[in-house]
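Novice: Before we start, here is the structure in question, set down as structure tokens.
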Amino acid sequence: MGPKGKKKGQSFDDSDEEINNKKGGNKKGQQLEDDIPQPVKKGGNKKGQRGKQDSDDEPENIPQPVAKKSNNKKGQRGKQDSDDEQDEIPQPQKKGGKPAPQPQKKGGKQQDSDDEQDEIPQPVKKGGKPAPQKKGGKQQQQQDSDDEQEEIPQPVKKGGKPAPQKKGGKQQDSDDEEDEIPQPVKKGGKPAPQKKGGKQQESEDEDEEDEVQQPVKKGGKNDKKKGVKHVEEEEEEEEEEEIEQPVKKGGKAPKPKKGGKGSKQESEDEEDDVQQPVKKGGKKDKKKGSKHVEEEEEEEEEEEIEQPVKKGSNKKDQKKGGKGKHVEEEEEEEEEEEIEQPVKKGSNKKDQKKGGKGKQQQESEDEEEEIQQPVKKGGKKDKKKGSKHVEEEEEEEEEEEEIEQPVKKGGKKDKKSSLEDSMSELSIKSKKGGKGKHVEEEEEQEQEEEEEKPKSKSNKKDKKKGKHVEEEEEEEEEEEEKPKSKSNKKDKKKGSKHIEEEEEEEEEEEEEEKEEEEEKKMTLAEIRAAKKVKKVDKKEKKKEKEKKKRDEQEEDAFELAKKKQQEEIDYDNIDIDDVPGKDAPTYVHLKSSEGLRSKIGNDIKFDNLILSVPGRILLNNASLTLAYGQKYGFVGRNGIGKSTLVKKIAMRDEITIAPHLRVLYVEQEVTGDDTTPLDCVLAADEERKWLLDEEKVLTELEKVNPSWQFDPRQKRNYSLRDIYDRLKEIDADKASIRAANILIGLGFTFEEISVKKSRDYSGGWRMRIALARALFCKPEVLLLDEPSNHLDLHACVWLEKYLNQWDRTLLVVSHEASFLNEVVDNIIYIHDQKLDQYRGNYDAFMKQKSVNLRSKEKEKDKQDRKLKKMNEFITKNKNNTQAKQAASRAKKMEKIETIELEREDASLVVDFPQPEHLTPPLLVFKDVCFGYEGRPTMFKKLDIGIDMDSKIALVGMNGVGKSTLMKLMNGDLHETTGYIERSRKMRVARFSQHFVDQLDTTMTPIEYFQSKFNNPPVQQIRNHLGRFGICNSLPLHKITTLSGGQKSRVILAELAWAEPHILLLDEPTNHLDIDAIEALAEGINAFTGGVVLISHNQHLINLIAEQIWVVKKDGTIYLYPGTFMDYKNEISREIDNMVIRS
């Protein structure tokens, strides 16, 4: 019967107020809700009560929303249908209406519904006997319906009785369509009886819920008689289903409806994946007509979507009413989504009663072990919400279709206890309920009181049931959030790494393009050499990348472990002995950590080291040990790998060095800023700075909390006494005096070190500041590369004296033999891709080397004589009777390793052309005074002279004017007063350390000479360059590709081109190795002209100087009466007098 006041197909807006106003109306015209439960006849039989218990056995698997009770008048419920957007609309039969019976043949139509009734059990009337089945047909139909009920739990009305199953076969279709539609029963309402043979239009909805689990009522007699023989076959078929369906937690299991057979089975495939929540309604809903049901079923045929039920959403807050047009549009949009939802594994299994339904329940539970079903929590508080929330819930459900929400497996014992409690309470309520109207009024009043309570409150029963479930769900949500946040961080890291890789690839492509352009200009030989260099570069880059990755991984692992350790410590509930405590930094040497350092060791050792640069290998399987406290001198020819190896040690690259060892490598000058040299040096000692800061912290803690040592948060693995001892050991109170002495020893004045800013110094002086910082820190390993290059003679002598007292590991790369003789006690000689170590200073090394060379020459001669005899025997007897012996000796000759002597390097040649002789004097200074304009006079009344046989060394502290005097000699500057007499035929050549930087590096040496000297013949240029070691293919190479020493040779060759009578050499040894310096000394001694030398290289001065001219600060020059070594000893005495005592 249609609703009053509403035409067919018409929809009305609904609201909570209208529903409340409609209570107490006539029951006959009441419209169906979206989820209308099947009425059940009220009886006193206990078998129906068992069915009710079965519906509560699985409350976590299928939530059931319950609608508010109201006394609706006839025709008023249709207005509410327009706002309800519920996907599931079960259809009841009219109360008291007799459906038209449909005949059924024996063994006939039940075959059509076999596949559709896989999982739907049939309820039995409470207190009544099960309906008998017709012969030949009804037995099989009942089995098919049982198959479909294995995954569809069916709730039972609260306080109501299960609906009976009428005779006849028309019930089959309704059961088929209840596969996925749980049907609740109204609380306390009277069930409407079903007539025999009545049609059920609800079959479409039931067919669409093919995979929702249905609990089965226990104890029905009819269940025992149902087809037991087919159970095993049905179980095998049901195990093949693999579609996961999420189910709300806390919802009560739906109850299958009963009714006659309908004709609409086409919607089974369409709604195979749709899960439909069902409301519980009052008993007035039972009177709704079947015509409106048919209209709603036609709308539901379009639904093909899995509708997950949101966790924690209200299941009972949907109001009664039919569907509106907007619901249909949303359903059409949702049909496109086909996302599988996770279903909870392992639902609660209870002991099943005997009978067919018990077997069906057992089969459905077996299949649940493969399907994880999230279950929704709920309570009575959910009943308040109305149809306005339906749209929000559907949107949330659509979002949840993209997210699988696994739920933990519930324990059987916990669920059993909670379900038994709930069933016992329900059974008590059902006994108290009667058939009269006063029962309905009492139930309505109870429901209204529950609606007035705040939503935050739930009934005690739900609290008891869901307490542990809620805790589990909160833990699960936190666990799900944690991996998401971690994955987001990993994604960010991966994204940043990917960007860096793309940038590197772009840079490589740009480099390749540039190289291709350069290759077009290069010859074949140069291209091949460049390709070899590229290969080596690629290998090195790969090694660097791998090293960076390893370092990053180690740092990340260390930081994570450290953070984890800090997070895990609960300082409030932990014993202080269990706290790891804070350690001092590795560069701080406290007594508390000396034991650990002694176990680790302070030596540096490496084996089988391979060192290479683009284009060639420097070291191959080299081994070396640097013992702590020893001082090593590193010698070898330029470009052989000395500086490269020192940098490798400083970077700890492929070389094992204990972490507590501080390694300092003085390579670059300090950056100029507003700090003074003294402050810059004091700030370099990190250990002293940390000790002073920690002393302040601990003394402050002592004042605030005298018992801080017992606070786990403040625990330290060292004491304040340890800090005091270390500060005393390093003379922290005398740090300023020590820093000042170092600066003064390196050439600074006491007045300027605390006033002048570092930015006001030149590069050479800032390099001295960097050296002073390293010496002040006193690292365990000090690495120096050509420390005397930027120092004057006085500073070199001071540095020698300072390093003589060095008690830690020292490795010095130096080309000054005198410095090595004074400082080191071991020599490491690099040659032929290997390292040889010698005990003693540089002179001892040279003696041992010469002895080894003579011994090797003798062995070489002996081997050559032996090989010559063997070769003569082979040649003589290869064709006679001793041919076999000759062949045997030939094989022996091939196995003999020939001894090879070190070849003399052709570049170790400096040959100045000899000038014609000129009568003296060539250059004479007579009462010469000089000073720059606006400055004080630098030189006063100079009376000096230079001839062709002069070999003079100018010495003095930096800044006294040695280079200025040399410019006056060359004529670059002119005297202020006095007179400089020069011979007219005299030619003078001056070498400056800055000339190397002024070379045109885009030219080859041959092109440079052609531009300087009016295009002389190429062969003449090559011959002249060969006299200074620029031979073979070097004259054809660009100057930019030459080493610093080779560039210096080009300058010397340029000076010698004019065949000068006097050579003025200002620091010519920079960039020259020891062998080249020796060659330069030999060339200068063989030169027949005059030589004036300015050099910090004591060995060169000692080899060539016949006169020592000392330039003093007062602008005078005097001839030192002794030798250079006598002058050096005098400098040493002066340095001792310069030391600040306090």
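Start at 1 and count along the chain as shown; that gives each residue its number.
Cβ coordinates are placed from backbone N, Cα and C, and glycine is handled just like the others.
Features from Swiss-Prot:
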type: REGION; residues: 1-564; note: region 'Disordered'
type: COMPBIAS; residues: 203-212; note: compositional bias 'Acidic residues'
type: COMPBIAS; residues: 249-261; note: compositional bias 'Basic residues'
type: COMPBIAS; residues: 280-290; note: compositional bias 'Basic residues'
type: COMPBIAS; residues: 295-306; note: compositional bias 'Acidic residues'
type: COMPBIAS; residues: 314-328; note: compositional bias 'Basic and acidic residues'
type: COMPBIAS; residues: 329-340; note: compositional bias 'Acidic residues'
type: COMPBIAS; residues: 377-387; note: compositional bias 'Basic residues'
type: COMPBIAS; residues: 441-451; note: compositional bias 'Acidic residues'
type: COMPBIAS; residues: 456-467; note: compositional bias 'Basic residues'
type: COMPBIAS; residues: 471-480; note: compositional bias 'Acidic residues'
type: COMPBIAS; residues: 485-496; note: compositional bias 'Basic residues'
type: COMPBIAS; residues: 530-548; note: compositional bias 'Basic residues'
type: DOMAIN; residues: 604-857; note: domain 'ABC transporter 1'
type: BINDING; residues: 636-643, 956-963; note: ATP binding site
type: DOMAIN; residues: 923-1139; note: domain 'ABC transporter 2'
Novice: Going by DSSP, is K962 (ATP binding site) sitting in a helix, a strand, or coil?
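Specialist: K962 (ATP binding site) sits in a helix per DSSP.
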Novice: Which one of the binding-site residues (I640, V960) has its C-beta surrounded by the most other C-beta atoms within 10 angstroms?
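Specialist: Of the binding-site residues I640, V960, the most buried by Cβ count within 10 Å is V960.
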Novice: Reported in the order helix, strand, coil, what are the DSSP residue counts of the compositional bias 'Basic residues' (530-548)?
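Specialist: The composition, in the requested order, is 19 helix, 0 strand, 0 coil.
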Novice: Are there any residues at least 6 positions away along the chain from K642 (ATP binding site) with a Cβ closer than 8 Å to its Cβ? List them or say none.
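Specialist: Non-local contacts for K642 (ATP binding site): F634, V635, G636, D785, V813, I830.
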Novice: Inside 10 Å of the Cβ of G636 (ATP binding site), count up the other Cβ atoms and send me the figure.
Specialist: 21
Novice: I want to check the contact list for K962 (ATP binding site): same chain, sequence separation of six or more, C-beta distance under 8 angstroms. What comes out?
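Specialist: In sequence order, the residues whose Cβ lies under 8 Å from that of K962 (ATP binding site) (at least 6 apart) are L954, V955, G956, I1094, V1111.
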Novice: Let me check the 10 A CB neighbour count of N958 (ATP binding site). How many other CB atoms are there?
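Specialist: Total other Cβ atoms inside 10 Å, all chains included: 18.
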Novice: For G956 (ATP binding site), list the number of other Cβ atoms lying within 10 Å of its Cβ atom.
Specialist: 19
Novice: Near N638 (ATP binding site), how many other Cβ atoms are within 10 Å of its Cβ?
Specialist: 18
Novice: What average pLDDT is reported by the model for the domain 'ABC transporter 2' (923-1139)?
Specialist: 90
